[in-house]
Structures are given as C-alpha cells and as structure tokens.
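Annotated Mg(2+) binding site per TrEMBL: D14, D107, in sequence order. Among the features that TrEMBL reports, substrate binding site is placed at D16.
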Amino acid sequence: MSRNVENIKFIILDVDGTLTDGKLYYDNNGIETKSFSVKDGFAIVEARELGFKFGIITGRESKIVEKRAKELKFEIIYQGIKNKLEKIDEICNIYNIKYEEIAYMGDDINDIPAIKKVGFTAAPNDADNFIKEQVDFVSTKNGGDGAVREFIEHILKEKNLWKNIIEKYLNK
C-alpha cells in the first residue's frame, strides 16, 4: 500500500493544471471559460458516495470553478488563496482530521507547502518536473484530462474500494 493511503478521508485538489488543462480561455466578450473532465467528475461523485470528502484550494478566483465544485458537492471551495497550507490547517480544524488523512493533487511550485505536509500527494503528468519528483503518485494523464480520476482511482484501489464501484455497475 502506498504511503498513508489507508488513512485518507479528505481529498483536496488544485484547479488550474489539475482539474483543468491550466489554460485560460476567453470569449470575444472577455468571459473566461474552463474545461473540466467528466471522468474526473465521475470519480469524485463515486468517491463521495463511499464517504470521502472533497475540497478545492486554488490561487485564482472563478465563478466557473464555484459552479463546478457545487455541481460535484465539494465540501470546501477556497479561491484566490496564496497560502494553501493555511487553508489545509482550517480544513483539519473544521473536520477534525490530521494531515495524514488528507490527499492532495497539485501541479506547480505554489503547491509545495501542501505537498510536503499531507498524507498522500499526486500530480498530473504535465505538472512541473520538480513537483513530479516530490509527490507519491504521478498520473499518466494530464491536468483536465482524467488526472484526478486516475488519482482517485489509485486511492480507491489501494484501499480495496474500487471493486465496490465496479460491482455497483455490473449489478445494475
């Protein structure tokens, strides 16, 4: 079993470059859009049904992120955050959990403090190379293209829970 995966209860995700491809898209009216993978959403919904909680901590602010997080029923949405570790401390206090019970996925240098503290860490395949050297798990998928799905699936397989999801759909 991977480092501390058995203790994971709360999964925290960065957004740009993790849940999305990290690119900013604007229409002719200057309206920002982002692309999210339904594969990531599927894994989040299934893991929530198994009792996992989810949070977003991102450095940028976006109504689109808030909308997607609400669709997926994230417990925590922190946007415009410079000090991500401070928000992880808040999550620990709110949910009475330890760092070891948190999994975190991020893609860039500003994620290092979180990566150094929590129980299990991951990065998308297209993350900064230094970050990929620091984490426990590197997805074969890029940010916004199923990396979060693969991260969650890895945790669930390590905890022997993925089979529950497969069986649920086989028995429908």
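The backbone N, Cα and C atoms fix where each Cβ goes, and this holds for glycine too.
Whatever TrEMBL says is automated annotation, not expert-curated.
Sorting the binding-site residues D14, D16 by the number of other Cβ atoms within 10 Å puts D14 first. Classification of D107 (Mg(2+) binding site) by DSSP places it in coil, neither helical nor stranded. Here the C-alpha separation of D107 (Mg(2+) binding site) and D16 (substrate binding site) works out to 8 Å. All protein chains shown were included, and the count of other CB atoms within 10 Å of the CB of D107 (Mg(2+) binding site) stands at 27. According to DSSP, D14 (Mg(2+) binding site) sits in a coil region rather than a helix or strand.
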